[in-house]
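Reviewing the structure listed below.
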Amino acid sequence: MAANRIEKDSMGPIDVPDDKLWGAQTQRSLEHFRISTEKMPIELVHALALTKRAAAKVNSDLRLLPQERAEAIIQAADEVLANQHKDEFPLAIWQTGSGTQTNMNMNEVLANRASEILGGERGMSRLVHPNDDVNKSQSSNDVFPTAMHVAAVIAVREHLIPQLQVLKQTLHSKAEAFKDIVKIGRTHLQDATPLTLGQEISGWVAMLEHNLKHIEQSIPHVAELALGGTAVGTGLNTHPEYAVRVAKELAELTKQPFVTAPNKFEALATCDALVHGHGALKGLAASLMKIANDVRWLSSGPRCGIGEIAIPENEPGSSIMPGKVNPTQCEALTMLCCQVMGNDVAVNIGGASGNFELNVFRPMVIHNFLQSIRLLADGMDSFNHHCAVGIEPNHDRISQLLNESLMLVTALNTHIGYDKAAEIAKQAHKQGLTLKASALKLGYLSEEEFDRWVRPEEMVGSMKQ
Ligand SMILES: O=C(O)C[C@H](O)C(=O)O
């Protein structure tokens, strides 16, 4: 057991383990919110350290904070960014809705560590104050939303978008490689007219292209930062140049397009940017769900399903059925898409529930947002490497199903009319005949006409993928 020291806040003294850098408010939160296992995500902790670093620099430049103290805070923040203090941020997502306790957790850790860097000690005789120095020109109400946006933009641009581009490229190569393979189409889960496998996959690629655009279009709003609004958006206790300077500093530190929010009241009172951004993530989940479902249906079998494509066989599928292999990557991807859609509902309800000057659903919103990004990015990476790259056509099965299909009859519409063509198809289906045999039996056309008119490869149109 580590020894304790006494830390104090406005509520009075409280014991804190001596080996920890956090202070009284972190300790109170730990004791009052023993709720579930979800902790503040590391991406958010890092974004908060970046925000504190930027604020200390700008406060020092504006001569509001002694340079020596600012440098110590910056060094402490850099240590957090280098994961040297990763056990110092133990707080639950399910805490105050403004994120104040996590903001104070960071303020306390940086103040105690900066004090040590300056040759002082941690605890009540520290040389750096959590509120007066580390939190200078700030309120949780502008700091926490800023850290949320910093974490979200970095996660989207550095983790999600690269994986989305890789999967899109893999599917594009498949669409090109399979552009001449004619197969039967399906609508309503019933046989329809033919298309090429390349055309079918090109639809998936176009879906991902649209998803990418929707996600990119959501970034500028998320790149607006609340910092400088302080408690209610008015900027009380800040220098007039602070908001613009601190956003610029964060943009330089992260190489991301951050700007100060033009309206701090909106930035504090809502989570609209993340609601909109998560909407784009939800859209991606909807697309991935359709793609993964199509892949597993097309690869179903191996003997008794559709079986038009083969996918990599990665691991045994069954503990009881020998030799069975399952489309497990599709299953993982569709499951995580469900989770992202659920997260979207939670983000929407949280975003819709702000009151007056502040939205207090923030830890939940950022927890869901970052989880959705991790799920989608890792999920696409896994699906790409262990499934999509290995998709191959099963030529025999594709031509078998194509030639057995009744909807090739659609090509006869323009020659003998819909009604006679329908009669041919229905008779073929009822009597188990091929289309040609049925057509000849009804006497609506000659064998030579059938062969000339019913040509699947000429039914796929000129739609390029
Ligand atoms: O923690 C703060 O800076 C403000 C707090 O969220 C509040 O508005 O009560």
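All residue numbers here begin at 1 and follow the chain in the order shown.
Each Cβ is built from the backbone N, Cα and C atoms, and glycine gets one as well.
When DSSP labels each residue, the region 'Disordered' (1-20) comes out as 0 helix, 12 strand, 8 coil, counted as helix, strand and coil in that order. For 1-20, the entry in TrEMBL reads region 'Disordered'.
In the structure as shown, the Cβ atom of Ser140 (substrate binding site) sits within 10 Å of 22 other Cβ atoms. Annotation source TrEMBL lists substrate binding site at 98-100, 129-132, 139-141, Thr187, Ser319, 324-326.
Neighbour density for His188 (active site, proton donor/acceptor): within 10 A of its CB lie 6 other CB atoms from the protein chains shown. Here TrEMBL flags His188 as active site, proton donor/acceptor.
Note: the domain 'Fumarase C C-terminal' (408-460) comprises 41 helix, 0 strand, 12 coil (DSSP; helix = H, G, I, strand = E, B). Taken from TrEMBL, the feature domain 'Fumarase C C-terminal' applies to 408-460.
Here the Cα atom of Asp132 (substrate binding site) is found 65 Å from that of His188 (active site, proton donor/acceptor). For ligand 1, the nearby recorded positions are Ser140; that is, of Pro130, Asp132, Ser140, His188, these have a C-beta under 6 Å from one of its atoms. Predicted-model confidence for the domain 'Fumarase C C-terminal' (408-460) is 96, expressed as mean pLDDT. Ranking the binding-site residues Ser98, Thr100, Thr187, Asn326 by other CB atoms within 10 A of the CB puts Thr187 at the bottom. Taking Cα separation as the measure, His188 (active site, proton donor/acceptor) is nearest to Asn326 of the binding-site residues Thr100, Pro130, Ser140, Asn326.
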